[in-house]
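These come from Swiss-Prot:
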type	residues	note
REGION	1-189	region 'Enoyl-CoA hydratase/isomerase'
SITE	E119	site 'Important for catalytic activity'
SITE	E139	site 'Important for catalytic activity'
BINDING	D296, N500, Y660	substrate binding site
REGION	311-717	region '3-hydroxyacyl-CoA dehydrogenase'
BINDING	M324, D343, V400, V401, E402, K407, S429, N453	NAD(+) binding site
ACT_SITE	H450	active site, for 3-hydroxyacyl-CoA dehydrogenase activity
Amino acid sequence: MIYQSPTIEVELLEDNIAHLCFNAQGSVNKFDRETIDSLNAALDSIKQNNSIKGLMLTSAKPAFIVGADITEFLGLFAEEDAVLLSWLEEANVVFNKLEDLPFPTISAINGFALGAGCETILATDFRVADTTARIGLPETKLGIIPGFGGTVRLPRVVGTDNALEWITSGKDQRPEAALNVGAIDALVAPEQLQSAALKMLKDAIAEKLDWQTRRAKKLAPLTLPKLEAMMSFATAKGMVFKVAGKHYPAPMAVVSVIEKAAQLDRAGALKVEHQAFLKLAKTEVAQSLIGIFLNDQLVKGKAKKAGKLAKKVNSAAVLGAGIMGGGIAYQSASKGTPIVMKDIAQPALDLGLGEASKLLAAQVKRGRSNPAKMAAVLNNITPALDYAPVKAADVVVEAVVEHPKVKSMVLAEVEEHVSEDAIITSNTSTISINLLAKSLKKPERFCGMHFFNPVHKMPLVEVIRGEHSSDETVASVVAYASKMGKTPIVVNDCPGFFVNRVLFPYFAGFSGLLADGADFAAIDKVMEKQFGWPMGPAYLLDVVGLDTGHHAQAVMAEGFPERMGKTGKDAIDVMFEAERFGQKNNKGFYQYSVDRRGKPKKDLDPTSYELLQGEFGERKAFESDEIIARTMIPMIIETVRCLEEGIIASPAEADMGLVYGLGFPPFRGGVFRYLDTMGVANFVALADKYAHLGGLYQVTDAMRELAANNGSYYQQA
């Protein structure tokens, strides 16, 4: 053994080849400070052994290296610039040391080689991957850029255009794509990985492969003609900005860094990378996106823990077909859990199966599936007009019409047809789980399972705990949602649960602006372009359906009359009474048609303005800051109330619910990250300015106390 630490082992193989194996004590290899130090020491030991003729890097885990240890980032990024720069420079000495060894080197890549893992393999002369490999530099998704030489080495290995596409998108690349651009040199079956890597390394040692020229290319400036470089970077800037937009600076920084470093050698190019990394690491965007990543890990960790308590789900059933039922059936079947789709009407079953078939066909068209897999998934969906096939289900998802009496009747009915220990859930967006539980003989096996529409796209599932729901029931539904590929958050029962409860105060703020004469299109523009929502409130209401919104608003008003009760008609009432339900009947705040490519098209409609003007009078202009304040303050305060009341367990879960369930702008991190960034005291002062608008604008006593103590929600958690 040449070297051994808790994360790295180096042994000498025959023919004087050193084998460095990453083998951390946890479930995955990642580049934390300890691993970087170990790699440095291992390379020193290798360099001191004069008999070594080549080096092979491998991993003892199912993944090569998943990246840097992101849990270290927030603390590290809070350090002084000099400390952060010193960390970057010291880490890069290690990667340079790997690249500068006096003999050929190769990486044998299995599973994920992401971020620092990808930067490690780029520092070796050759790269062989097996068919399980996924390679990429996802740092821009965290609001930063690669910091261990990724922007320097990748363009010199795969070319500028390919490197720009890889790094700015942050996407994992399949091994076939990596082979096509030259990021890897060979692609083999998993069982052939080490033997193929050793053969290539021996060929390099025997001078059959020119490793010196390859290495020299990575150390030198990019060989790019000046005119071609100008055109390439100008095109890239336009394309990247179009996708990333102004709120996400990291992808544009990548283009700038590679452009600035193009004429520099490795040392100069690394300095350019370090300065850009330093600048981005200090941004609020990076703090927010890293926070989302860590929150996601926390939520997934809770789901994994729930799996230990959970009842095994081998089969499922959904009651109510149609678009929603079909979406749930597709999601369950495509992730490996067979499901019965039960309805009382054959046309509804046909619609549900049609929805599942359409989603699967789209996967085949994109190359993400094939006809054989599509057939297998469809075979996992059993349509039924009676309860006979439902009897074997371990979990039942009731997804019938959003009406308490209908749901209660169906729930009572299905309880008679399933096993004693089957779990029953309701996919309701507004109806109290405690109320629905009254229709069941065994309410302990019942909870809510709120999917968001469209099911296949929206990552969130709210698992709603009723007062009688058992821990096993909740854990089993969390585990089933995770198995379906969803992110579950557990919330306690209340009107609107969590997501809808905080959404409707936002809509109330929007309605208040319209009642004061604001232009809904102007509000949408501010909330989309400036605040960063994917849709403004008017457009979102049209997509949700103003009939659905009208019903949910009534539920919220009944549940929280002191804050959400209405004294008169609002804009949602106006649209509902005019039977302008949104996209579903092609007219809401906007009017909808189909363009030449068959895609929905949104246009302003004079009728909407006439209806609103008739109710609220002449239009008037509002400043952007007031629009943002009047829509966001109610949502933020209601989110805080949910935390204080125990509806949601933590700021992290609340923020994930908002980002995954509503599309809250990720670069702002969620309500609690946004509050902490803004400063709770600053928010309280802003809310007080609008407190005269009613209860939705009045902060809680606990918020005032936190503000007075200069506290923050994540620090408190």
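Placed from the backbone N, Cα and C atoms, the Cβ positions cover glycine too.
Distribution of Swiss-Prot features across the structure.
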| residue | record | Cβ contacts under 8 Å, 6 or more apart |
| --- | --- | --- |
| E119 | site 'Important for catalytic activity' | F95, L137, P146, F148, G149, G150, R153 |
| E139 | site 'Important for catalytic activity' | G115, I145, P146, G147, G150, I167, G170, A250 |
| D296 | substrate binding site | T487, M656 |
| M324 | NAD(+) binding site | A399, N427, F451, N453, V455 |
| V401 | NAD(+) binding site | G320, K407 |
| E402 | NAD(+) binding site | T428, S429, T430, I431, T548, H551 |
| H450 | active site, for 3-hydroxyacyl-CoA dehydrogenase activity | N427, T428, S429, V461, E462, V463, I464, F497, V499 |
| N500 | substrate binding site | S429, T430, A552, M556 |
Item to check | Neighbour-count leader, CB within 10 A, binding-site residues: S429, N453 | outcome: S429
Checklist entry - What mean pLDDT score does the region 'Enoyl-CoA hydratase/isomerase' (1-189) have in the model? => result 97
Item to check | Collapsed DSSP category at K407 (NAD(+) binding site) | outcome: helix
Checklist entry - Hey, what's the widest CA-to-CA gap across M324, D343, V400, V401, E402, K407, S429, N453, the NAD(+) contacts in the record, in Å? => result 20
Checklist outcome for this item: The rounded CA-CA distance in Å from D343 (NAD(+) binding site) to Y660 (substrate binding site) is 29
Checklist entry - What count of other C-beta atoms do you get within 10 angstroms of the C-beta of D343 (NAD(+) binding site), across all chains shown? => result 22
Item to check | Distance from V400 (NAD(+) binding site) back to Y660 (substrate binding site), taken between C-alpha atoms, in Å | outcome: 24
Item to check | Listed in sequence order, residues with CB under 8 A of V400 (NAD(+) binding site) and six or more positions away | outcome: L319, G320, V406, K407, V410
Checklist entry - Among D296, N500, Y660, listed as contacts of substrate, what is the widest Cα spread in Å, to the nearest whole number? => result 20
Checklist entry - Using DSSP, would you call the residue listed as 'active site, for 3-hydroxyacyl-CoA dehydrogenase activity' helix, strand or coil? => result strand
Item to check | Conformational class of D343 (NAD(+) binding site) under the three-state DSSP mapping | outcome: coil
